[in-house]
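Student: Quick one: structure below, then a few questions.
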Amino acid sequence: MTMSHASPDAARSRIVLASNNPGKLREFAALFSTAGIDIVPQGELGVSEADEPHATFVENALAKARHASRATGLPAVADDSGLCVPALLGAPGVYSARYAQRAGREKSDAANNAYLVEQLREVADRRAYYYCVLALVRHADDPEPLIAEGRWAGEIVDAPRGAHGFGYDPHFFVPALGATAAELDPAAKNAASHRALALKALVARLGEIR
């Protein structure tokens, strides 16, 4: 598989994105487009969500990429990402999407955010970071997948702010920008986020693909 991003008229690469999350799809469509790569969401090809049984982001990302590639016969890229709070021993971590559900509550962004704020009620250290791992496989059994990561530092605030983004964005305040992730417009977020950093690292390695 070759990936060219020399000019808008050049043949663009086409790979499967192993996610059906609407928020992630919006972000990745914009981010990959800047790299000259067209993505096809796995849902459009009838691919189901892969299991995420692992305790690390990189293992989950690889499992999802291999699942999508095996089902479609195409190269695939997957991310596994989440919010990590050092004061909570890294939680929510790989369980970010179902943080509240694991505590017997509903599975939703609102429930996750409420539970996070509750867990930090008596905690002074509000440092947090979003973490993203991208895994790209040329085929399902690729022995040398490309792995890239990105980290976005911030802190957790009690009151939600902003109407953009998804997940924990309304509570994730970025001191360097003076705003929560949800207060950033999509272009600003895509320039600074953990996914943007991971993608830049991945794009820098695309020449390794033959």
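Quick reminder: no glycine exception, Cβ is built from N, Cα and C everywhere.
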Student: Pick from Ser81, Ser108: which one does Swiss-Prot list with Ser19, Asn20, Asn21, Pro22, Gly23, Lys24, Phe166, Gly167, Tyr168, Asp169, Lys189, His194, Arg195 for the same substrate site?
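Tutor: Candidate listed by Swiss-Prot for the same site: Ser81.
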Student: If you count Cβ atoms within 10 Å of the Cβ of Asn21 (substrate binding site), leaving out that atom itself, what do you get?
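Tutor: Looking across every protein chain shown, the total is 17.
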Student: Taking the residues the record says bind substrate (Ser19, Asn20, Asn21, Pro22, Gly23, Lys24, Ser81, Phe166, Gly167, Tyr168, Asp169, Lys189, His194, Arg195), how far apart in Å are the two Cα atoms that sit farthest from each other?
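Tutor: Site span for substrate, by Cα atoms: 20 Å.
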Student: To which of the recorded positions Asp51, Asp80, Asp169 does the lowest count of other Cβ atoms within 10 Å belong?
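Tutor: Output over recorded positions Asp51, Asp80, Asp169: least Cβ neighbours within 10 Å is Asp51.
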Student: By a simple count, how many Cβ atoms lie within 10 Å of the Cβ of Gly23 (substrate binding site), its own Cβ left out?
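Tutor: Its Cβ has 14 other Cβ atoms within 10 Å.
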Student: If you draw a 10 Å sphere around the Cβ of Ser19 (substrate binding site), how many other Cβ atoms fall inside it, taking every protein chain shown into account?
Tutor: 23
Student: For Gly167 (substrate binding site), list the number of other Cβ atoms lying within 10 Å of its Cβ atom.
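Tutor: Taking every protein chain into account, the count is 22.
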